[in-house]
Structures are given as structure tokens and as C-alpha cells.
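Q: Got a structure for you, questions after.
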């Protein structure tokens, strides 16, 4: 689960991580009121969406007067902000964060997250702050410092010192920095975070260490433990198809720009199916893993969700029947087709448990379905019919 920057900063403040003075605003009038309350200029007007790259997309502006706060708030609120993370469709901006400007001397990068490879918590830091950390890691990996923490032993002072010295901090800043790092570790572990990121973490000319930006992602599987965090969820920032799929415990991810819907059982098979669709000259419109033990109802709802996407020009169903028997899949597809109708070509490749019963159910259904002998054949057929 993702949250907005202003919500992340509320958690930072709760844990004693220094942040700029500021407040969220949901209207132009509220933005102007926050600017007036801050009392000094410049102030920063920032779009609040669940995506990075807001500055390059025109979603972050430095206002040097009350008139500019009004101008920028009017320009950003209600805009469709397109960044490298939103896809070409962009995101509608419904919230702003208005903050004080700071006398920045240096920008750093700092994050903490679980590392699956080592089963430890890792801090990542870099003097290349304010940049895309993936780009830094790819081009200049030597600029990234990593400090691993065994959760059994917990965070110790020497971990913070290792980061501070690696970032070449001035001695007078180390105490502030170390306190911040300890707080971020506690925040990450208390709330089952999958990522806590500050980019940039700024050093000011008056010797302060401040989280200028904030990003926190949470482990969805742990949200039952954190009812307070669930209240931060913004459904407007989530894909409506993904929200609908989650109601039926389906693993669905929308793929921008795709035209072939697909339903598969098993994450590995789903990813391989998406690759084969791409190789056949089409583009997958979604990732949908119905799971090994899906019911006919889940199959029905998965199929319905795929067909509800107007971008979908064809559907590929690729099932290897094990726990999910082929006859159960067939019944789910038939029920979904009866309820919502089939407006696009559908190619089905089935193998495994009760495959003959499944094929018989589909054959007797009267539905215009295209059978495929294997995955490659299925991908070629759906790509061909989708192209018309």
C-alpha cells in the first residue's frame, strides 16, 4: 500500500524525523491560507499523487509571493500530471502540500527497507540526492552505501555512524543524522514498511538535517495489524480494476498501453504468458493470477474484470490444471460470458486435471472461443485476431 507525501511526513513527525513546516491543502483557498500561515517566502507548492517525477512534470513549484501561491495552486489542482511513473494517462491532482522553502546546502538520499536476499533490514544512502536512485545504482553503483541490520540484534549506534561517515557529514550534523536514522528504523519495523525513502534528505546552511521529501510503502499482507494506516489509503490513486480484483482475492495489475487481457493460474506462468504475448507482437493489458485454488466464482469475476477494460481487444486464458481443475475454470468462463457477454476474441489453452471435461463444457456452451494447442500457438492466435 502506498500513501501520499504529506501522510508520510505525518508519520515522520510522529517519530521525531525533522520535516519542513507545512500542511496539506485540498482547495486553492486552503493553499493560500497555509502560505499565509507559514509567514515567509518562498514556499513550495507540491502536487500529491502516488508517483515520483512530479517536479519534472510541472507538479512542484516555488512560490515567492502570495500571488504565486494562488497562481500555482490553481494551475496544479485539477491538472492531469504525467510523469515517468504514471504512464501516459497521468494522474489527476486532488491534493497539494504547501511547505516552507529551506536554505539547502546539500542533497542526500536515504532509505530503509527489508532485503529479501539477506533477510535483513538495509539502509541505503548516497551523496547523489534528489536523483533517481535506480539510475544512480545502474550508472554509478559505487556512490551507494549499504548498511545491513540483523533484525534479531536490532539497530545499533555504529550502524548510523557507518552511514554518517560514508556520507561525509560534518561532525556537527552527525548527532542529528544518527537520531533520524534510528527513528526511521523504528518506523520501518513498527509498521511493516516495504520502503521508507527520503529523496532528498537535505542539509541546510543553518546546520539542520531535514526530510525534504518522503515516501512510504507498506506490506499489504501486514495491513490487518495497522488499522490506523489503512485510513491513509486513497482509492482515487489506485486503478479501479485492481480495487475490484482485490475484493475477490485476485492478483491483478493493470499494464498501461496493453491490448491483450490474460488470465493465468500461477505468477510464474502469468509472467511467462505476458512475455510470449509481447513476442507475438501484441502487448499484455494486465497481469492476472487467479491462483492455484481459485473457485468458479473467482474465475468468473476475473474474466468480468478483464472484459470491463475498454483497452482490451482480445483475451488469452492460459491454465495448467492442478488444484484449479480445468472444468472449474470452464464453468467460471461460461458463467461470466452469460452475465457480461463476450465482445472480443478469446483464446483458451488448457492442460492438466479434468482437461477433457473442461473442453466439453466450453464446446457445449455455444460460446465463440478459440482453442490453442500450446502457449506459443495461443499467443500467435490472440495477437492475430486482436490485430483484426
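Using the three backbone atoms N, Cα and C, a Cβ is placed for every residue, glycine included.
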Q: Taking 46, 64 as the options, which does Swiss-Prot list with 53, 54, 55, 99, 102, 107 at the ATP site?
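A: Record check against Swiss-Prot: ATP site with 53, 54, 55, 99, 102, 107, extra candidate from 46, 64 is 46.
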Q: Please state which member of 259, 262, 265, 371 Swiss-Prot lists alongside 322, 323, 324 for binding substrate.
A: 265
Q: Quick check for the class: what is the C-alpha distance, in angstrom and rounded, between residue 199 (Mg(2+) binding site) and residue 99 (ATP binding site)?
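A: One finds 16 Å between the Cα atoms of these residues.
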Q: Residues near the substrate site, 265, 322, 323, 324 excluded, by Cβ within 8 Å of the Cβ center?
A: 266, 291, 292, 293, 294, 319, 320, 321, 325, 352, 353
Q: Give, as a single whole number between 0 and 100, the mean pLDDT over the domain 'ATP-grasp' (9-244).
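A: Value for the domain 'ATP-grasp' (9-244), mean pLDDT as a whole number: 95.
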Q: Using Cα coordinates, what distance in whole Å links residue 99 (ATP binding site) and residue 323 (substrate binding site)?
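A: That separation, Cα to Cα, works out to 54 Å.
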